[in-house]
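Shown next, in structure tokens, is the structure this report addresses.
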Amino acid sequence: MKVISLFILVGFIGESQIFSSASSPVNCQWDSYTPWSECNGCTKTQTRRRSVAVYGQYGGQPCVGNAFETQSCEPTRGCPTEEGCGERFRCFSGQCISKSLVCNGDSDCDEDSADEDRCEDSERRPSCDIDKPPPNIELTGNGYNELTGQFRNRVINTKSFGGQCRKVFSGDGKRFYRLSGNVLSYTFQVKINNDFNYEFYNSTWSYVKHTSTEHTSSSRKRSFFRSSSSSSRSYTTHTNEIHKGKSYQLLVVENTVEVTQFINNNPEFLQLAEPFWKELSHLPSLYDYSAYRRLIDQYGTHYLQSGSLGGEYRVLFYVDSEKLKQNGFTSVEEKKCKSSGWHFVVKFSSHGCKELENALKAASGTQNNVLRGNPFIRGGGAGFISSLSYLELDNPAGNKRRYSAWAKSVTDLPKVIKQKLTPLYELVKEVPCVSVKKLYLKRALEEYLDEFDPCHCRPCQNGGLATVEGTHCLCHCKPYTFGAACEQGVLVGNQAGGVDGGWSCWSSWSSCVQGKKTRSRECNNPPPSGGGRSCIGETTESTQCEDEELEHLRLLEPHCFPLSLVPTEFCPSPPALKDGFVQDEGTMFPVGKNVVYTCNEGYSLIGNPVARCGEDLQWLVGEMHCQKIACVLPVLMDGIQSHPQKPFYTVGEKVTVSCSGGMSLEGPSAFLCGSSLKWSPEMKNAHCVQKENPLTQAVPKCQRWEKLQNSRCVCKMPYECVPSLDVCARDERSKRILPLTVCKMHVLHCQGRNYTLTGRDSCTLPASAEKACGACPLWGKCDAESSKCVCREASECEEEGFSICVEVNGKEQTMSECEAGSLRCRGQSISVTSIRPCAAETQ
């Protein structure tokens, strides 16, 4: 570990004794509930909310109970998620995804896997040879509340690969992982910082001022509504409550361990988590702060634009200010210690630092040379946290050993650190009334930010700094003052005497005048006195009215506004666009509604993409067309298979073709997507023909699950199986249980797929049906009188099929498919335990 310097920034210039009266505790009080919201057509519920009328302070009680109430109701409007998806695929939840993601082997419908639910094996087009995502990647999709420092529910679907096959290699795991389509960059790079950062603060007031860099409401709002870096805010929450009875100074030691670095995609390319998308869909199109505030509670104020997975170590050590002063700690010792260095993992080397060590021991009231603090640890094993809460001043090796053990555990149990954030309203998309809801969520975030403004708090005495924590206010005291209201102790030097002014909360916005609205505030919380400084900032604030923006949105989305303003006449469905479709098409098109066209994958839209429903109930459509920007496979002749299979191919990509079913390829086998977006050579020159083997060529004998192709045995396709015994099996990749046959399981195993037999009752097998002669299975024979298939006796089996292991009457035995099918056909209960002969009989 490298040597680190400690900067002790405490000096005693002068003192002024303060005799302040104690402030009486103020208990939190709820305001009355707002009116009930409009009945939600999807959940058939309505909510109401109450805000805090009086914040608890000076040791008073916080508010008890929930801010929200919900009740059932009868909706007057339908559910927007019941609308269609146009040319795209509709998940069971109502969320729309590209049709190219259907039957690709990936569950792109986040919660229900509807895109893979009804796919036959022959329809599946696996888009990648691996499907294991990097460990803990789900953490990159969580929402984040910047005001509370807490991670919230998922807003990004980190499970979707988007049909892409992007891989990243982990040196620690010695394996490749498949990246989510929502991640732009994901790097496994362990960064352990050996240089511990630590600071010495002369009060909790100094600490909060340092960690909360934005103090005015306007600067807080500017920071809040732009992409910004953020670290955990929870450290400041507890600095004041722990030590109220004395004045304490803080020694803060911190460090980080990084395991992985990530960058999420731009918001327009992110696939939303289905629960979050549903909540966005359910938001009312008329502004109701209660409904939007509930979304903020569940999903936070921001989402993660980038960051690292790792661990964050921070410990706050409290030192009694008066005892430190009594031990004669002066700036002389500070300089001596600073010049020689001080480190908690090496022994003190200078006389000045030794004096500092003794002063810290005496001032912190430690015994056995142990300095105890309050740990704020993110990531790593929970069992290590208690061991990180103290430092042994005479045992630096022990300190290092405990820290290293925690740092090692971070690799397996990381959390998000060093996050860069983007406001949550940037993710409002792919829902009805998207522009209106995006505007309203931004407005709700502004109101939410105002709830945490310290203007709601009563003044702290002796220049203390108030902050809002939940439903109560805390006072962070200046050096050598303490108490619930900072009413006790002394102020040092030029801080004594005066009281600086503080802002009241902003008034409500005025009515719009010439497109602008204003609000005001006063410098009376508290007013400046005794030579104290006046408030910094403006007493009035003006901004553009939302009315103009809402009027513009009313033209784009008239159906999102009150019914009295919505036309009662509607246009038919928008005209079709070749190689394209309408985004978020919906089912109703009132006069004035605009729709936006987009193109299928592999095409780009040229022209004006917006069409408008005119007053004559006809669509006003400008010039537009979908221009090809990539190569698209033509309809291939029967028997030709292509690899890789993709919706489109960019210039320079190659495709190879082969023949199936014992056919051989005539013509070229490789094709290049050229700059003219045509295949070179032309694919029509490739076709499959029946290949006659030379008489002298030895014909290999293939297994039942194989077929002869180009003079060699290759795996059949499942649909090429002849009738075989029905079984239930679990796909170990997707964990889905499917009805298969013994033959199909052999074929899938031949192709490298991992399927495991399950009980017959675990899936729905095809019902037994009477079959005409000529379609009898192995265990059936033709009855001449009825011309129907009937059960064979086991002794009558002619073609036996596969040898399998079957449990009959509790005992396993090897028998042919025909014999097992004969028993099942006659109603006897059997269980297929292996698609191969029993192990005991093959040894």
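Heads up, the Cβ atoms here are built off N, Cα and C, so glycines get one too.
The signal peptide feature in Swiss-Prot is assigned to 1-22; the stated evidence is similarity to another entry.
The Cβ neighbour count for Cys63 (disulfide bond), using a 10 Å radius over every protein chain in view, is 21. Swiss-Prot lists Cys28-Cys63 (among others) with the feature disulfide bond.
Marked as domain 'LDL-receptor class A' by Swiss-Prot on the basis of sequence analysis: 83-121. Taking DSSP states H, G and I as helix and E and B as strand, the domain 'LDL-receptor class A' (83-121) has 8 helix, 4 strand, 27 coil.
The 10 Å shell around the Cβ of Cys85 (disulfide bond) contains 19 further Cβ atoms across the protein chains shown. Under the heading disulfide bond, Swiss-Prot lists Cys85-Cys96 (among others).
What Swiss-Prot records for Cys91-Cys109 (among others) is disulfide bond. The local packing around Cys91 (disulfide bond), expressed as other Cβ atoms within 10 Å of its Cβ over all shown chains, amounts to 23.
According to Swiss-Prot, the N-linked glycosylation site annotation covers Asn202 (among others).
In this view, Cys433 (disulfide bond) is surrounded by 24 other Cβ atoms within 10 Å of its Cβ, with every protein chain counted. The disulfide bond annotation in Swiss-Prot covers Cys433-Cys560 (among others) and is backed by similarity to another entry.
Feature annotation from Swiss-Prot assigns disulfide bond to Cys457-Cys473 (among others). Classification of Cys457 (disulfide bond) by DSSP places it in coil, neither helical nor stranded. In the structure as shown, the Cβ atom of Cys457 (disulfide bond) sits within 10 Å of 23 other Cβ atoms.
Among the features that Swiss-Prot reports, domain 'EGF-like' is placed at 457-487.
If you look up Swiss-Prot, you'll see Cys460-Cys475 (among others) marked as disulfide bond. In the structure as shown, the Cβ atom of Cys475 (disulfide bond) sits within 10 Å of 29 other Cβ atoms.
Around Cys523 (disulfide bond), a 10 Å sphere centred on its CB holds 18 further CB atoms from the protein chains shown. The annotation disulfide bond is assigned in Swiss-Prot to Cys523-Cys535 (among others) on the grounds of similarity to another entry.
Along the region 'CCP 1' (545-615), the predicted structure has mean pLDDT 76. Marked as region 'CCP 1' by Swiss-Prot: 545-615.
In this structure, Cys613 (disulfide bond) is part of a beta strand by DSSP. Taken from Swiss-Prot, the feature disulfide bond applies to Cys571-Cys613 (among others), supported by similarity to another entry.
Under the heading domain 'Sushi 2', Swiss-Prot lists 629-690, citing sequence analysis as support.
Asn754 (N-linked glycosylation site) has a Cβ environment of 11 other Cβ atoms inside 10 Å. If you look up Swiss-Prot, you'll see Asn754 (among others) marked as N-linked glycosylation site, on the strength of sequence analysis.
The disulfide bond annotation in Swiss-Prot covers Cys773-Cys782 (among others). Non-local neighbourhood of Cys773 (disulfide bond): Cys782, Asp783, Ser787, Lys788, Cys789, each in the same chain, at least six residues away, with C-beta under 8 Å from its C-beta.
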Inset, instruction - Report, as numbers and ranges, every residue of the chain located at least six residues beyond the domain 'LDL-receptor class A' (83-121) whose Cβ falls under 8 Å of a Cβ in that stretch; write 'none' if there are none. - result: 127-128, 131, 157, 159-163, 271-275, 277-278, 281, 430, 432, 581-587, 600-601, 647, 717-719, 733-734, 736, 744, 748
Inset, instruction - Tell me the Cβ contacts of Cys571 (disulfide bond) under 8 Å, same chain only and six or more apart in sequence, or just say none. - result: Phe589, Pro590, Val591, Lys593, Cys613, Gly614, Leu617, Gln618, Trp619
Legend entry - Cys91 (disulfide bond) and Cys825 (disulfide bond), distance between Cα atoms, whole Å: 39
Legend entry - Fewest-neighbour residue among disulfide-bonded residues, criterion Cβ within 10 Å, set Cys96, Cys473, Cys535: Cys535
Inset, instruction - Please compare the disulfide-bonded residues Cys613, Cys805, Cys818, Cys825 by how many other CB atoms fall within 10 Å of each one's CB, and tell me which has the fewest. - result: Cys825
Legend entry - Rounded to the nearest Å - Cα separation of Asn754 (N-linked glycosylation site) and Cys109 (disulfide bond): 23
Inset, instruction - Would you kindly give the Cα-Cα distance separating Cys473 (disulfide bond) and Cys63 (disulfide bond), rounded to the nearest Å? - result: 12
